[in-house]
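Among the features that Swiss-Prot reports, active site, proton donor is placed at HIS74, with the record citing sequence analysis. Under the heading 5-amino-6-(D-ribitylamino)uracil binding site, Swiss-Prot lists PHE11, ALA42, LEU43, GLU44, VAL66, VAL67, ILE68, ASN98, citing sequence analysis as support. The feature (2S)-2-hydroxy-3-oxobutyl phosphate binding site is assigned by Swiss-Prot to GLU71, THR72, ARG112.
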Amino acid sequence: MAKFLIVEARFYSHLNDMLIQGAKQAIEEAGHECEVITVPGALEIPAAITMASDTGLYDAFVALGVVIRGETYHFEIVASESARGVMALTLDGLVIGNGILTVENEQQALVRADPQQKNKGGDAAKAAITMFNLKKKLS
């Protein structure tokens, strides 16, 4: 059994609750355990994963959050830099499922976050589980 850490950016709590529900369900159904920690926004997710990884307590991570396009350039920065930060950590060998949604509006986020619809939290957890199993096989 592996220990997964879900790191969620708690900016849109009602959407994140659904993402977490989907992720936890996927992890637990696969026979693993998980914990959840919260950070203020998507840009803080890579730093939190780095801090948690340094403890040696976790085998894999799931990054969850919602970034909704607004009227300023801020969306592009947050969407791009949070994805870049997560990707850099995976290239350094960490196992991370990226479930940071980048959407045009709240309705798109709702459909993607809902475990009964697109279930992107569950998908991110399943990606992390798959990569954890691959890393274990190749080690």
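Heads up, the Cβ atoms here are built off N, Cα and C, so glycines get one too.
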Per the record, 5-amino-6-(D-ribitylamino)uracil is bound by PHE11, ALA42, LEU43, GLU44, VAL66, VAL67, ILE68, ASN98: how many Å separate the farthest pair of Cα atoms?
-> 16
Consider the recorded positions THR72, HIS74, ARG112 and say which one has the Cα lying nearest the Cα of VAL66 (5-amino-6-(D-ribitylamino)uracil binding site).
-> ARG112
Euclidean distance between Cα atoms of ARG112 ((2S)-2-hydroxy-3-oxobutyl phosphate binding site) and VAL67 (5-amino-6-(D-ribitylamino)uracil binding site), Å = 12
Work out how many Å separate THR72 ((2S)-2-hydroxy-3-oxobutyl phosphate binding site) and PHE11 (5-amino-6-(D-ribitylamino)uracil binding site) at their Cα atoms, rounded off.
-> 17
Mapped DSSP class for THR72 ((2S)-2-hydroxy-3-oxobutyl phosphate binding site), helix or strand or coil = coil
Filtered by Cβ under 8 Å and at least 6 apart in sequence, the residues in the chain of LEU43 (5-amino-6-(D-ribitylamino)uracil binding site) near it are VAL78, GLU81, SER82, GLY85
Long-range same-chain neighbours of ALA42 (5-amino-6-(D-ribitylamino)uracil binding site), Cβ under 8 Å, sequence gap at least 6?
-> ALA9, PHE11, GLY65, VAL67, VAL78, ALA79, SER82, ILE100
DSSP output for PHE11 (5-amino-6-(D-ribitylamino)uracil binding site) maps to coil
So of HIS74, ARG112, which of the recorded positions has the fewest other Cβ atoms within 10 Å around its own Cβ?
-> HIS74
Secondary-structure category, per DSSP, in which LEU43 (5-amino-6-(D-ribitylamino)uracil binding site) falls | helix
ILE68 (5-amino-6-(D-ribitylamino)uracil binding site) and ARG112 ((2S)-2-hydroxy-3-oxobutyl phosphate binding site), distance between Cα atoms, whole Å | 12
Which residue among the binding-site residues VAL66, VAL67, ILE68 has the fewest other Cβ atoms within 10 Å of its Cβ, if you could check?
-> ILE68
